[in-house]
Amino acid sequence: MTRLATLITLAGLLAVSPGAYAQRNRNDTGGSTGAEGLNSLAVKAGLLYFGTASDTRNFADEPYMSVVNNTNEFGMIVPENSMKWEATEKEPGRFSFANADRVRALTKANGQMLRCHALTWHSQLPNFVKTTAWTRDTLTAAIESHISNEVGHFAGDCYAWDVVNEAVNENGSFRDSPFHRTLGTDFLAISFRAAAAADPNAKLYYNDFNIETPGPKANAAMGIVRLLKEQGVRIDGVGFQGHLTVGSTPSRAQLASQLQRFADLGVEVTYTELDIRHKSLPVSSRAAQDQARDYVSVIGSCLDVTACVGVMVWQPTDKYSWIPETFPGTGDACLFDANMNPKPAYTSVSSLLAAAAATAPASVVPPASVTTSKTPIQAGAGRETVSIAGLTLALSSLAFGMFML
């Protein structure tokens, strides 16, 4: 931790009101997992956050929200759907951010970081994007308008944006979409440049699934990073979605090696949508332990790579997981069961992070509202480079044992 970062952290502590301390303590005791949750352990182990997806459809579920609101468990929230194009601009130029604003308000009230998802994606598009007879000029203008309005609306509040999501097929070719059909690969630079202009401080990510191991798709994703850098376009990170299967998850060493391949391109990396589903249900005790092992492999790989800044799970609970609907007959992919009880996978991840925290160098951890600089983390660089993004939410990712009230 640099001296500057330490001073920033102390400034944040001095700025915190007694009410904010009380809010932190209420959050820290929420849920059913005890005082030392995954986020606090992850931060002590050297990550910036351990977070989860959620959205407004879940907000009325009090037992669920007691866990999601617990900053000791989750230091970052990403909305599942309420920031996607279909949700925010159903008709050209008519924007609605009501649900996304509710997610942002939740993170501000809790002192959590906000991850923002997703801007240019072939799926969940409004009809006008799918059906208009676009030209290069008109589609470029539509992309720039959508991104400038949405990213501008949330400017200063998003740690990162998934600027382009799932642009390539398994064989490494580009997905068919209005964007690629009309603009070729130029849609990548158009999207990233628009996002950078609308919020210079947000991290800009390419996000995809099935890039956790080497192959044509991962190579194509690396090609996107190289292409943007060659064009002088800022890209700060690559998101590994991590939708994996119990028993087929690569080893910790294999996963870390793949993370490092991307980090060597000069970007930070993170797991953005982690869940590990069982192939069949109900789940045996042996299968539950296998799932726990696989979760440890994934999260351990992030700990092993300096440029891996954190982990996001795609919902904390099986109750709201997308898996059963999308992959019938499979499921139970999350860390909590449908009744919000921690599963063996949770216990194993907690033990992993606790062990890593116990051996991590002692340092003062920056609060959630002090984000890493926009300069990409290079392979071998430390996790300590920080810049101030406002100190008003200064509590959520502190080392929670430092100050006891």
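Glycine is no exception: its Cβ is also placed from the backbone N, Cα and C atoms.
Remember, it's a predicted structure, so these values are computed and weren't measured experimentally.
Here's what Swiss-Prot has on this protein:
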type: ACT_SITE; residues: E166; note: active site, proton donor
type: ACT_SITE; residues: E273; note: active site, nucleophile
type: DISULFID; residues: C302-C308; note: disulfide bond
type: DOMAIN; residues: 32-352; note: domain 'GH10'
type: CARBOHYD; residues: N27; note: N-linked glycosylation site
type: CARBOHYD; residues: N69; note: N-linked glycosylation site
type: CARBOHYD; residues: N171; note: N-linked glycosylation site
type: LIPID; residues: G380; note: GPI-anchor amidated glycine
type: SIGNAL; residues: 1-22; note: signal peptide
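Features recorded in Swiss-Prot, as mapped to the structure shown.
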residue : record                      : Cβ neighbours (10 Å)
N69     : N-linked glycosylation site : 23
E166    : active site, proton donor   : 20
N171    : N-linked glycosylation site : 9
E273    : active site, nucleophile    : 22
C302    : disulfide bond              : 27
C308    : disulfide bond              : 28
Find the shortest Cα-Cα separation between the residue listed as 'active site, nucleophile' and the recorded positions N69, E166, N171, and name the residue that gives it.
E166
Cα distance (Å, whole number) from the residue listed as 'active site, proton donor' to N69 (N-linked glycosylation site):
29
For E166 (active site, proton donor), what is the secondary structure by DSSP, using just helix, strand and coil?
coil
